[in-house]
């Protein structure tokens with residue numbers, strides 16, 4: 001009996017011990033759960049283990065690498081490559097776009113292998129201390145820990161795959177205020193509940209609007225959302241804290257979030273503390289409605305099909321079809337810019353873009369066109385119409401950098417590697433001249449572009465290889481700077497696009513504000529550094545055998561002397577050369593094909609404008625003649641009043657009044673033209689010759705010969721009976737007029753032939769003015785034969801003077817009138833120093849008359865003058881300044897509109913030598929001399 005009792009007592013004691021141990025264990029576990037895991041706890045391996053929440057929240061994980069990434073950014077590409085190799089990672093070409101990927105991979109590897117590098121121990125400890133549980137998000141504000149509370153946000157899933165676009169603003173933790181009255185209630189709910197769930201909206205690429213309502217892709221699991229993105233081509237997803245926002249994104253309503261430069265708010269919706277409203281707990285967003293509306297509008301361009309990229313775009317690049325290529329990319333910018341602002345892949349497998357193919361196929365024009373289009377803001381606005389200028393420039397710089405420096409997938413070769421490898425010097429010139437190019441990038445075999453020159457083309461010449469090496473060394477230019485004043489020009493220091501931090505020369509020569517402002521007028525290049533320095537020295541101090549001539553050119557031509565010297569040296573050495581021409585408005589070498597084409601277009605436009613101007617002037621002149629000539633017996637008032645000073649109605653009134661006061665003594669008119677004087681001179685001569693004669697005409701009109709006899713070229717005989725002879729004052733007046741015209745012609749033209757031609761043209765123009773007044777028939781055709789005999793005698797007398805040996809024949813005058821010899825120069829019908837400068841620039845150019853007909857005609861017109869005459873031509877500025885002091889011998893429109901036209905002058909207004917602008921002062925002087933001659937004859 002004793003043994004069973006002892007056994008029962010032992011079992012009871014053992015049971016109580018087990019019960020006590022269980023209670024103690026439960027208490028310990030409760031305490032541990034109550035306190036929660038400490039952030040400084042170590043795992044089994046002895047390394048710091050981040051809490052599960054840190055792994056679940058991408059924002060916290062990225063924040064732990066900030067300091068490490070900042071240290072890696074300080075390393076140069078070679079040191080970074082060594083660290084990547086030491087960490088056991090594969091290293092490819094490190095460029096400005098791929099560097100971030102390698103830095104991120106290296107940072108993750110270093111965090112996992114923290115024991116290898118002692119320099120990262122401190123950082124790991126700090127990173128571990130910074131990680132916090134999402135449930136411990138309450139932060140004190142102004143000493144009160146219960147006033148405000150914040151939740152950590154979920155980082156937006158951006159461009160984490162592939163190459164990153166321009167860095168958007170950092171997504172920071174957003175704290176939303178909670179009313180103090182709800183603090184206790186919120187604390188109770190926060191401790192009992194977990195972090196609010198996330199909703200992932202997947203937005204496919206919809207091809208039409210009705211398809212947006214068919215199905216909505218919203219997931220609560222991130223893996224499911226990623227799987228949906230992989231299955232739906234071209235789709236994207238984003239995390240939201242509410243299902244409504246995720247559904248809006250999936251439908252495409254809230255497509256993008258604001259650009260970094262437009263708002264300071266984060267790109268993705270921010271999870272905030274639950275707020276009480278209408279007795280229900282709702283998830284609020286710290287994003288105002290006004291800023292939510294300000295979204296980036298998605299463009300309507302579709303992703304091109306793979307067949308279009310290969311069959312259309314790539315074929316156009318390979319064949320060098322610039323028009324087809326330009327039409328494709330401007331019709332749809334996604335031919336060049338893919339998702340994530342990455343270059344569009346035109347050849348799968350190797351992942352070639354347009355620049356790879358163009359560099360491989362030696363299509364330098366396609367390379368240049370691609371860069372020009374990508375750097376055009378209008379093209380980028382097709383993709384992002386709502387971006388401001390700053391963000392647009394960031395995108396442009398990013399995309400251009402990707403096109404220039406992105407390696408392919410096989411050998412990590414950049415477009416510059418391809419151009420050098422195949423010996424395409426023109427492509428190397430285009431690529432290496434861009435300021436964003438990386439010339440020392442290494443491929444898979446650790447070779448730079450300079451190391452692979454002509455690897456795939458062994459038969460290339462040594463000169464070509466040397467030229468490619470010079471292109472890779474850098475592009476330098478030798479500039480010529482001029483001031484707006486008459487100070488001497490300055491040959492500037494060497495300049496290169498690579499010089500970003502420091503400028504070799506500034507816009508001012510010197511440091512004083514009183515120094516003149518200098519502008520770029522010409523430059524030689526691109527050249528290698530050695531050639532550019534040699535050319536600069538040669539330009540400043542020419543060789544001894546040419547020093548005298550070049551010094552004379554500089555001193556004798558202060559406007560373009562230095563340009564002429566630099567041009568001759570550059571052409572002699574075969575260096576590229578351009579200079580600025582004001583009338584073209586661009587930098588160009590006129591001796592090149594491009595320069596000749598621009599000059600041809602300019603001269604063609606000048607000729608077209610001149611013809612249109614002449615037609616307009618002829619129409620205006622005919623309208624004025626019809627308005628001022630109402631009949632054959634009308635008195636012309638142009639000798640006493642300009643047409644511009646009186647209206648058409650006033651002219652008609654005065655003509656009618658004169659017709660009523662004068663007897664009709666004029667007979668019928670023919671259609672031939674024979675008068676040698678302007679209308680006003682003839683009126684004065686007739687009044688002075690026959691002041692009281694019964695057959696004198698007060699209107700001053702002379703009458704032509706008989707039509708048939710004039711055409712036969714015979715001189716008409718005066719009819720029998722009354723013969724009215726003009727006094728000798730007529731011959732005196734003719735001689736006086738010729739002397740006056742001869743003096744005017746000599747003052748303008750130095751050669752006697754030109755003076756004679758000018759005089760004949762003026763006489764012919766005056767005859768034509770009278771002819772226009774005599775064309776219309778008048779009511780005086782019905783007068784008697786006596787008046788007709790008087791008219792015939794007067795016409796015969798005037799015809800005799802006009803057809804005398806001292807004057808040109810009538811047929812020659814008509815021929816000159818019908819086909820005047822017009823010579824069009826750069827600034828009108830008169831040459832200037834600019835014509836001489838352009839002729840000097842075309843000295844070594846071969847102008848094809850079939851390809852450049854306008855340039856050939858202009859050059860022939862300039863070469864008609866002797867070198868001494870060309871040296872005396874005024875410059876455009878001086879010519880425009882003194883134009884008002886020179887007589888206008890060529891009549892209206894002697895100058896083409898432009899910089900030579902006098903301000904405020906009417907281009908259709910006749911000049912001093914025109915019949916329509918004969919001054920009353922000259923008429924009165926001529927009248928007095930005619931009367932004195934008449935008295936002397938008596």
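Just so you know, glycine gets a Cβ as well, placed from its N, Cα and C.
Feature annotations, courtesy of Swiss-Prot:
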type     : residues : note
TOPO_DOM : 33-938   : topological domain 'Cytoplasmic'
DOMAIN   : 69-113   : domain 'LEM'
MOD_RES  : 259      : phosphoserine
MOD_RES  : 268      : phosphoserine
REPEAT   : 411-440  : repeat 'ANK'
MOD_RES  : 488      : phosphoserine
MOD_RES  : 496      : phosphoserine
MOD_RES  : 512      : phosphoserine
MOD_RES  : 528      : phosphoserine
REGION   : 609-636  : region 'Disordered'
MOD_RES  : 662      : phosphoserine
MOD_RES  : 804      : phosphoserine
REGION   : 870-924  : region 'Disordered'
MOD_RES  : 896      : phosphoserine
MOD_RES  : 914      : phosphoserine
If I take every residue in the repeat 'ANK' (411-440) and average their pLDDT values, what number comes out?
93
Looking only at Cβ atoms, how many others are within 10 Å of the one on residue 496 (phosphoserine)?
17
Lowest local Cβ density among 488, 528, which the record lists as modified residues, within 10 Å:
488
DSSP-derived class (H/G/I helix, E/B strand, else coil) of residue 488 (phosphoserine):
coil
According to DSSP, which of helix, strand or coil covers residue 496 (phosphoserine)?
coil
Taking DSSP H, G, I as helix and E, B as strand, the domain 'LEM' (69-113) contains 29 helix, 0 strand, 16 coil
How big is the gap, in Å, between the Cα of residue 528 (phosphoserine) and that of residue 488 (phosphoserine), rounded to a whole number?
27
Measuring Cα to Cα, how many Å separate residue 496 (phosphoserine) from residue 488 (phosphoserine)?
24
